[in-house]
Amino acid sequence: MDERYMRLALQLAETARGQTSPNPLVGAVVVKDGEVVGFGAHLKAGEPHAEVHALRMAGAKAEGATVYVTLEPCSHYGRTPPCADLLIEKKVKRVVVATTDPNPLVAGKGIEKLRRAGIDVTVGVLKEEADVLNEMFFHYISTKTPYVTLKYAMSLDGKIATKTGESKWITSEEARRDVHRERKQHDAIVVGVGTILADNPSLTVRFGHEGKQPIRVVLDTHLRTPLQANIVTDNMAPTWIVVGHHVTEDQMKPYEQTGVQFIRMNEHTIHIPSLLRELGKRNVMSIFVEGGAHVHGSFLSSCSVQQVIAYVAPTLIGGNEAPSAIGGEGFGRMMDALRLQVKHVEMIGSDIKIVAKG
Ligand code: NDP
Ligand code: ZN
């Protein structure tokens, strides 16, 4: 029975995917005498936690009830008061937790507080699912750098463009719509200036997945992004351009007038680990790296890849000059290659989507 209610709590948590950052996804279910009397999910940072919604719905029935929550209840004063205190105040009998909160402000303290108040606490029900649910948040909390997803659309022979640089379109419309769903689940989209120059993309979330738009981040050491580029002029989402230390205030000014923000690195090049630390400081919990080949190559060679989402089209492009999905130096020895595990395979339209994780 515990698993059944926890599964429901996990499903509730999942419904808010893409809208809670920098907070985790959390769901809660209140059960009294075998009946669900309350449920809820955390919907947005700054808004009530899942437990608060669920207990509100349960009202007086919370007394003596069992509460299923996908993440350890918080014990600290953040933007909202601690949920552990609320559970105690509402006199619940038992709390079932899927996984503990690695946030050093909570980390076991929430559970301890409940136990000290005489509440029966069970920990670890559907832990694996709960850990996967919040893997981006857990990565961010423990490393202070964003969770990195590399995404690309490639032909059956591994090319992301033709030898002349054409890449519209390798995959079917259905696959391209799916990209918008995936974009929405990340805080920022990262591309190299090469992709801006080649494709002038808008990098927004569309096709019915609108809502909070991810930040658009361009790696552009010498500030070659045209002032007329869509990401500079369209005001559809925040745009951050990452530049080398040598780029001057005068060069940046005309972009800033259109609302673009800059991250100026301390070096003359954009070193990926330093970039990730900078993004982490700016509360970016996850990034969706959409290429091109050079940028993917830099992420691979700095071993900063947590997930790959590849869309593979049954098309052959060929040519030594046509770029493959990941460029750069590459590894010299097989033993150094990054080994991932396939977590999901799906046909989308005429293409195959593969999700692999480290
Ligand atoms: P990229 O978009 O990878 O941009 C590369 C440029 O980014 C570099 O030349 C460099 O320019 C700048 N840059 C800054 N910092 C870094 C860093 N740390 N690592 C790497 N690059 C950095 O361009 P590509 O030319 O490789 O790819 C563009 C091509 O790929 C286009 O033809 C496009 O159509 C295709 N494409 C295909 C996709 C697909 O999924 N099918 C997706 C995206 C692109 P600088 O030194 O001036 O800063
Ligand atoms: Zn809470």
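Placement of Cβ uses the backbone N, Cα and C atoms for every residue, glycine included.
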Residue in GLU89, GLU278, GLU290 which TrEMBL records at the substrate site where SER167, ARG183, LEU203, ARG206 also bind:
GLU290
Can you match one of TRP169, TRP240 to the NADP(+) site that TrEMBL gives for ALA153, THR195, ASP199, THR221, GLY292, ALA293, HIS294, VAL295, HIS296, GLY297, SER298?
TRP169
Mean of the pLDDT scores, which run from 0 to 100, over the domain 'CMP/dCMP-type deaminase' (1-122):
94
DSSP-assigned states of the domain 'CMP/dCMP-type deaminase' (1-122) in counts, ordered helix, strand, coil:
41 helix, 28 strand, 53 coil
Can you tell which of the binding-site residues CYS74, ARG206, GLU290, ALA293, GLY297 lies nearest to GLU51 (active site, proton donor) in space, using Cα positions?
CYS74
Distance-selected binding-site residues near ligand 2 (C-beta under 6 Å), from HIS49, CYS74, CYS83, SER167, ARG183, VAL295:
HIS49, CYS74, CYS83
Just to verify: the residue among HIS49, ARG183, ARG206 with the fewest other Cβ atoms within 10 Å, which of the binding-site residues is it?
ARG206
Is any of HIS49, CYS74, CYS83, SER167, ARG183, ARG206 (binding-site residues) within Cβ reach of ligand 1, i.e. under 6 A, and which?
SER167
